[in-house]
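To keep things clear, I will list the structure first and then write my remarks on it.
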Protein chains: 2
Amino acid sequence: MPETFEAKSTKSQLHAIDDALEDDNTGLVKEMLQQLQPCDIALLLESSRSRNRLVLWPLIEPELYSDVLEELSEDVRNGIINTMLPEKITDALEEMDTDDLVETLSTLPESVSQDLLATMDEQDRQRAELGLSYGEETAGFIMNTDTITLRPKINVDVILRYLRLKGEMPEHTDTLYVVDSEDKLMGGVAITKLITAAPDTPVESLIKDSISIPVDMEDGEVANLFERYNWLSAPVVDSNNHLVGRITIDDVVDIIREDAEHSMMSMAGLDDEEDTFAPVVKSTQRRTLWLGVNLFTALMAAAVSDMFEATLSELAVLAILNTIVPSMGGVAGNQTLTLVIRGMALGHVTARNARWLLSKELAIGFLNGIIWSVLIASVIALWKQDFMLGAVIAFAMMINMIAAGLAGASLPMIMRRLNIDPALAGSVILTTITDVVGIFAFLGTATWLLL
Amino acid sequence: MPETFEAKSTKSQLHAIDDALEDDNTGLVKEMLQQLQPCDIALLLESSRSRNRLVLWPLIEPELYSDVLEELSEDVRNGIINTMLPEKITDALEEMDTDDLVETLSTLPESVSQDLLATMDEQDRQRAELGLSYGEETAGFIMNTDTITLRPKINVDVILRYLRLKGEMPEHTDTLYVVDSEDKLMGGVAITKLITAAPDTPVESLIKDSISIPVDMEDGEVANLFERYNWLSAPVVDSNNHLVGRITIDDVVDIIREDAEHSMMSMAGLDDEEDTFAPVVKSTQRRTLWLGVNLFTALMAAAVSDMFEATLSELAVLAILNTIVPSMGGVAGNQTLTLVIRGMALGHVTARNARWLLSKELAIGFLNGIIWSVLIASVIALWKQDFMLGAVIAFAMMINMIAAGLAGASLPMIMRRLNIDPALAGSVILTTITDVVGIFAFLGTATWLLL
């Protein structure tokens with residue numbers, strides 16, 4: 001009898017391995033690793049610090065290498081492959097499904113992957129090179145080539161007997177594909193239909209009105225289609241409608257997860273492949289770029305303040321309040337930016353409703369401006385007993401909230417037109433705009449009205 | 001022959017409907033809506049401003065209502081349900097799969113859902129109330145009850161004949177479940193196995209070592225299991241191992257998408273159900289809370305600066321540079337925070353490796369401190385021709401980078417222990433810490449050394 005899945009039991013197995021590793025009891029570790037499925041071994045490796053990964057890897061059964069490598073994230077996988085002997089890598093690669101093979105090769109340095117390709121057998125090299133030729137982030141890159149195809153005229157009984165002879169089907173097969181005499185795709189037949197149809201039904205009559213995916217479609221769009229139509233798998237065709245492979249939902253799930261993570265990580269200035277347990281120096285390096293960009297923009301904001309040095313030295317209270325308006329603009333702008341980036345990813349925001357959305361976000365900026373102007377003016381007038389100072393900060397807040405709405409809505413649209421990923425650089429550009437506008441508006445108005 | 005999927009063709013259909021809507025040509029709109037699948041109608045509604053949704057809805061065929069409502073996000077769906085007659089809502093709800101029915105009811109105001117339940121027929125009310133009783137974000141809430149069960153002793157041929165008689169199977173059926181005489185789950189049999197096995201094989205011998213999901217498991221954990229084990233569906237059991245339903249990958253995909261969006265939206269201070277095309281006032285309301293919290297923290301930072309008013313009025317240059325250290329700390333801290341939040345969501349960060357991770361992020365903070373201290377000191381010494389000022393800002397940078405690493409790594413762990421969602425409030429608490437520490441360190445050191 002199967003046991004109810006105990007997430008805790010996997011966890012405690014992993015903890016026990018951790019303990020044995022601490023005690024340097026490699027014999028015990030090896031024994032315990034044999035109880036685990038490849039995906040659990042992958043989880044163990046991902047949750048271990050990099051030093052321990054190198055201890056664990058040689059203790060894993062070599063026949064599991066390909067299954068474990070398939071489940072690892074790019075950074076962790078490449079770290080391990082770097083320590084393996086070339087012939088062991090080739091062995092592991094040759095056992096992979098085409099999509100995983102292609103993905104693994106594509107993340108390795110060009111020279112390494114070329115060397116590996118040269119040592120692979122003819123058939124594996126060909127399927128790898130074909131997949132690589134479609135280019136990353138396309139349907140061809142993530143598809144598998146293990147389709148079962150049928151001719152239109154044969155009947156259900158013949159097919160069932162053929163499948164019984166064959167003995168097994170590729171993982172995640174829910175549909176068989178019918179092709180004509182020129183190998184062009186006619187459509188798909190669900191295997192549930194094969195089971196429920198009368199034995200003498202010709203397969204032709206069971207074809208559902210299936211749609212196919214062109215081999216060069218972008219993978220994000222493939223994921224949107226799977227989500228929208230609730231597919232489990234979909235056929236991939238070339239420009240002549242020849243069936244070249246199929247994409248299954250498990251790969252699509254990875255794309256959805258990665259795309260969503262990509263936005264979240266990019267917006268915080270991180271590489272989305274960043275490995276939580278990488279060594280300190282490597283992690284520090286990876287975060288440097290973003291901090292450098294931020295230092296530059298912070299210096300820009302300081303340079304704007306610098307233009308008002310005379311005002312600041314006369315009225316220290318301005319120095320104290322100088323961060324409030326930029327900070328509110330940054331938050332409001334980032335709200336709009338995030339919403340528009342998500343809307344574009346889901347396909348809701350298009351060129352057609354962009355103008356409407358822009359005017360909506362402008363109106364929100366205006367409303368926000370009124371609300372927070374009144375509030376901050378009251379707070380400052382009470383705190384600093386200075387009504388005029390309250391009016392100055394209120395005016396600056398109004399200006400900056402409108403600028404935030406405008407920048408937050410238009411930046412991702414402009415960046416997309418320029419083919420720049422808005423999640424990656426949108427936030428930093430936006431913050432620079434709201435900082436500069438906010439400081440200018442506040443210190444400029446103060447110089448004009450308060451001196 | 002099926003056509004290659006043309007994303008453009010759906011898009012142009014939607015655009016044509018938009019145009020017809022602009023021209024108030026409702027006859028044409030209605031005709032064009034009949035060409036669309038429910039999921040495409042849902043996309044159209046999601047991408048339309050709220051006013052147009054109310055024009056479109058009555059033009060849709062009522063028999064599609066349940067399928068379209070299922071595909072909509074909470075905000076959009078509730079907006080539409082609000083405009084429908086109660087009996088039409090009941091009709092639509094009764095046609096939904098259990099999981100969609102339960103989800104829809106749970107997002108409606110309590111009084112509305114109670115009224116609707118009262119008008120539903122006995123059977124539908126029971127399945128809805130059962131699902132609702134498990135509570136949101138559990139396996140029971142997202143499962144369907146349309147399982148096909150088998151007895152262990154019958155053979156493949158009998159099953160195939162039974163299925164052929166039945167004529168069709170529930171959507172996304174890849175596994176049938178074997179239960180014993182007490183209805184306890186014995187395991188699952190893949191339908192591909194039924195096809196490839198010899199007709200006289202008893203079903204018992206085809207059971208794969210399947211694992212089942214307890215009905216009260218959290219949905220995020222269910223999603224992690226599906227991802228890790230590449231499942232298409234999984235059986236759900238109660239505490240006595242009775243089969244109560246099954247979860248299919250399409251619902252899991254929604255959870256993965258929602259969880260990932262939730263983190264991204266929360267970190268930007270947005271409600272993750274926020275509808276891009278909601279009316280201005282509603283959107284403004286939804287964003288108010290976060291802006292209010294941010295105003296409070298900005299005022300706190302200002303209050304810290306206020307303590308150094310004497311220093312600031314003596315040295316205006318401090319006012320100019322006062323934002324650099326807090327800003328760098330905020331970015332560095334958010335990098336760590338985001339990484340730890342993701343690590344926790346993926347199950348990589350646990351209580352066991354928390355201490356190690358904390359010391360790693362502290363070390364990165366230290367390294368970051370050295371790098372950016374040296375850099376900022378050089379820039380300031382050159383710009384302001386003041387070596388001592390450079391030393392002061394370098395020291396403050398060092399302190400704040402270490403504080404950022406410490407806060408970024410420990411906050412999500414502390415918040416999780418307190419059952420607070422770190423994605424929701426982590427970023428604002430972190431920024432408050434790095435602002436306060438940064439300003440204190442900079443202005444404090446300056447008061448001590450430069451006056």
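Backbone N, Cα and C define each Cβ position, glycine as well.
Note that TrEMBL annotation is computational and uncurated.
Sequence annotations record features per position, and here TrEMBL assigns domain 'CBS' to B:143-205 (among others). On the 0 to 100 pLDDT scale, the domain 'CBS' (B:143-205) averages 90 in the predicted structure.
Sequence annotations record features per position, and here TrEMBL assigns domain 'CBS' to B:206-264 (among others). Using DSSP to sort the residues of the domain 'CBS' (B:206-264) gives these counts of helix, strand and coil: 28 helix, 17 strand, 14 coil.
The transmembrane segment annotation in TrEMBL covers B:288-305 (among others). Beyond its flanks by at least six residues, the transmembrane segment (B:288-305) meets 269-270, 312, 322, 326, 428, 431-432, 435-436, 439-440, 443 of its own chain at Cβ-Cβ distances under 8 Å.
Long-range contacts of the transmembrane segment (B:317-341) within the same chain: residues 263, 267, 301, 305, 308, 311, 349, 357, 361, 364-365, 368, 372, 376, 380, 384, 386, 389, 393, 396-397, 400-401, 403-405, 407-409, 411-413, 422-423, 426-427, 430-431, 433-435, 437-439, 441-443, 446, 450, each at least 6 residues beyond the stretch ends and with a Cβ under 8 Å from a Cβ of the stretch. For B:317-341 (among others), the entry in TrEMBL reads transmembrane segment.
Among the features that TrEMBL reports, transmembrane segment is placed at B:362-383 (among others). Within its own chain, the transmembrane segment (B:362-383) has Cβ neighbours under 8 Å at 321, 324, 328, 332, 336, 389-391, 393-395, 397-406, 409, counting only residues six or more beyond its boundaries.
Sequence-remote contacts of a segment are chain residues at least 6 beyond its ends whose Cβ falls under 8 Å from one of its Cβ atoms, and for the transmembrane segment (B:389-411) they are 317, 321, 324-326, 328-330, 332-337, 340, 357-358, 360-366, 368-370, 372-374, 376-381, 422, 426, 429-430, 433-434, 437-438, 441-442, 445-446, 449-450. The transmembrane segment annotation in TrEMBL covers B:389-411 (among others).
What TrEMBL lists as transmembrane segment is B:423-450 (among others).
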Residue counts (helix, strand, coil, in that order) that DSSP gives for the domain 'CBS' (B:143-205): 20 helix, 17 strand, 26 coil
